[in-house]
Amino acid sequence: MPDNRRFGVPRDGHWLHYVGDCGAAASFLETRSLATGWLIVMFFDALFRSFGQLILANNPVSGLIVLTALCAVRPWAGLAAVACTSIAVLVAAAAGQQRGAVCSGLASCSATLLGAATVCLLEPGALDGHVWALLCAAAAVSVYVSSGLSTLVSAVLPPAWWGGGRDGRPRRGLRPDGAVEPAWTPAPGKGPWPSLFALPYGLLQLVLFLCLLHSEAGLSLRPEALSGTPAAANTTAPEAAASAAPLPAVGLNLSAGDVNVTRVREFYDIDHLDWGQTFQGVLVSASQILALEDAAMSAAIYIALLVFSPVAACTALAGAFLGSIAGVALLEPPYTAVYRGVWGVNGLLSMWAVSAHSFVLSWHSVAAGAACTALSAGLQAALGPLLTAAGLPVLLLPHSVAALLFLLVASSAKTGFVRPAVLTFPEKHKYDFWTEHADEEVGACASPRRSRSGTTPRTVATPMGHFHLFCSSRTQNTTSTPNGPTVPRQCRSEGQA
């Protein structure tokens, strides 16, 4: 097997420091004392990882890319996101939340999304001091909401979800006497935080909008936040009356603004499906995570996903495509919301979350991810009219509900819906799965303490690592590995003659 020049050398399990979850940086900061100047570095590491967690990427480089693009596209949204994230990180640290949850951004990512999306959804004139005060308060409350929901979700997760073998967690296996060890399940709230898939953000965003809706100033959302149609496509009553009036045969004098309004109306009111605009909606779906429609922001998000994991970027793009196709199937023309990426965003997050994030990548997980995408599209079709009638946006609630339900999916197949021992990134999940199964297969050949036919241990280097084989001295048939050493074809299991 050739060396993987992007992720490192898979034979020894080393990975490049800037890809995946930046494990080297996290391990280094864990050894630093909180009483030193490294506290500032830890704060910025948690800040950047919070932005990465918006796309389920626990990577400070990915988070920095997302933050930079957001500040370039919507400076006020970037400022609000940084302010809310800073408040959440400080509150989580002061409240004594798990250090792993604080450092990885899980405790503060809901506040990050809350700050960015609120500014993007509200009219610019509605961002007064009252809104900023509510945002800061909601950022502090989001820490406790995330902690409570993580405890609730942990209480209903099956024992198989917790995997084993890392971070001091015992691995399920055979005891020396041959008995099977029970699966390790932490007490609710004591284990690592599971992914909540933007559920705390969705709940807090709805509460915030309801508070503003019943306030004196009211809730002033951008036109596209509810209807899915840009403001330029919304014509007022006088414009409609003017367009209905007959135009004179001569002396026609149309301004450039009138021509543009007519063209935009014709563009968005077509009754047939425009595949070019559909694929544009697939690409801009990523920016809708932040309630934006911007191609540059979407490109930055896909680049951030590529830095984290190419598998994540591919599954996210596939989910955006499936979600957009589902929107076409469920909507009546015009398909404006599909063209703007509103229907692709929930599919993007659902496909990536289920197929390669929560489970080891396999055809089982890919099929489950596609099913989760379909469920999120159905939930969006069901919840959309109800929330729109109440003057509220749909947000990411369909994705959150669907992904949490699929988090509990199980299978009797040995390679179906395998939970990673530690959530890192898809390539490492698959590598650890292969290595563990290779160890189990080799360990089944023989045991050095219980071998009974003169077998001798032998260390073999394979693409999956260095394994100890206990093979019969009478076995002569060998086969060469791609790396040179020979591996015996026949291994004597315990009790074999």
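We count from 1, first residue shown onward.
Cβ atoms are placed via backbone N, Cα and C, with glycine included.
Predicted automatically and left uncurated, TrEMBL annotations should be read as such.
What TrEMBL records for 37-57, 64-93, 99-122, 134-157, 299-331, 337-354, 361-383, 389-410 is transmembrane segment. The region 'Disordered' feature in TrEMBL is assigned to 167-186, 474-497. As annotated by TrEMBL, compositional bias 'Polar residues' applies to 474-484.
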With a cut-off of 8 Å between Cβ atoms, can you find at least three pairs linking the transmembrane segment (134-157) to the transmembrane segment (361-383)? Only pairs 6 or more residues apart in sequence count.
no
When counting Cβ pairs under 8 Å to the transmembrane segment (337-354), the leader among 37-57, 64-93, 99-122, 299-331, 361-383:
299-331
Which stretch from 64-93, 299-331, 361-383, 389-410 shares the most C-beta pairs under 8 Å with the transmembrane segment (99-122)?
64-93
Please figure out which one of 37-57, 64-93, 299-331, 389-410 racks up the most CB pairs under 8 Å against the transmembrane segment (361-383).
389-410
Same-chain residue ranges lying at least 6 outside the transmembrane segment (64-93) that approach it to Cβ under 8 Å:
43, 46-48, 50-52, 54-55, 101-102, 107-108, 110-116, 118-120, 124, 127, 132, 135-136, 138-140, 142-143, 290, 292, 294, 296-297, 299-301, 303-304, 307
